[in-house]
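Here is the structure we will look at, set down as structure tokens.
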Amino acid sequence: MTTPLRLGVNIDHVATIRNARGGEHPDPVKAALLAVKAGADGITAHLREDRRHIRDADVATLMAALTVPLNLEMAATQEMLDIALRYKPHAACIVPEKREERTTEGGLDAAGQFDVLKPVVAALADAGIRVSLFIEADALQIDAAIRLGAPVVELHTGAYAHLTGEARAAELRKITDAAALAAKNGIEPHAGHGLTFDNVAPIAAIPQVAELNIGHFLIGEAIFGGLEGSIREMRRQMDLAR
Ligand SMILES: CC(=O)[C@@H](O)[C@H](O)COP(=O)(O)O
Ligand SMILES: NCC(=O)COP(=O)(O)O
């Protein structure tokens, strides 16, 4: 059976641009509201330990402003757990974090980190937060998600997105099989990372996948959709001033 497919828009990369100048523009919360207006079913924001993009105040403002679910991506640390329990987003997706990484490299080792994750998953679930684990498409990791009692897994599509040819086809088969295995065991499979107009269709076609979380490409692509209008408006204002 094919489940309805939701789109979660990740707004981290709006905050990356804002933080480059240290001011308030562009505001990721304004971007989130625009995403909802454009049809996003939910908003995803990753509060990294180093606060390189989303900040604590953004989480507070998102919680107050959003009319759709917020999926808060977070490392399994006490600091992040305290923040999640304070704001109680609809969902918390536990992701692996390395301080110096350029982006999230690989999935959470839910099997290897079982004992660390168990109390974090339990505390989030006890607070009514829907827990998701950002994992590789791997039966061992899905087994750990089952044992941890996570209702959702998000399958990391980064490798799929960067590979080509037969290697990409093989990765797609792994993701397809993992989604089926998760669903068979009562876990809702989501997917995300590195998805673009060119590579989204095969992932969106996996019948059990219920949600895609997409950010970097959308924010980058928005430059091409919106830069012309911004420049025309600036030209207009300059000309009006003369
Ligand atoms: C877990 C994930 O895939 C997103 O949070 C993504 O990582 C956001 O971008 P950065 O990796 O640049 O923080
Ligand atoms: N969890 C994946 C996500 O939120 C978006 O990843 P990306 O599209 O920014 O690579």
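Any Cβ shown, glycine's included, is placed from N, Cα and C.
Checking the candidates G158, G165, G186, G194 against TrEMBL: the one annotated together with N10, R21, G215, H216 at the 3-amino-2-oxopropyl phosphate site is G194. Site annotation (TrEMBL): 1-deoxy-D-xylulose 5-phosphate is bound by D12, H13, R48, H53, and the candidate from T103, T157, T164, T176 recorded at this site is T103.
The subset of recorded positions (N10, R21, H46, E73, G215) lying with their Cα within 10 Å of the Cα of T103 (1-deoxy-D-xylulose 5-phosphate binding site) is empty, i.e. none.
Closeness to ligand 1 is met by E73, these being the recorded positions among H13, R21, E73, G194 whose Cβ falls under 6 Å from the molecule. The most densely surrounded of the recorded positions D12, E73, E154, judged by C-beta neighbours within 10 angstroms, is E154. Taking the Cα atom of each, N10 (3-amino-2-oxopropyl phosphate binding site) and E154 (site 'Transition state stabilizer') are about 14 angstrom apart.
Checking the recorded positions N10, H53, H193, G194, G215, H216 against ligand 2, the ones with a C-beta less than 6 Å from an atom of that molecule are N10, H193, G194, G215, H216. Note on the recorded positions H13, R21, H46, R48, H53: the fewest other CB atoms within 10 A surround the CB of R21.
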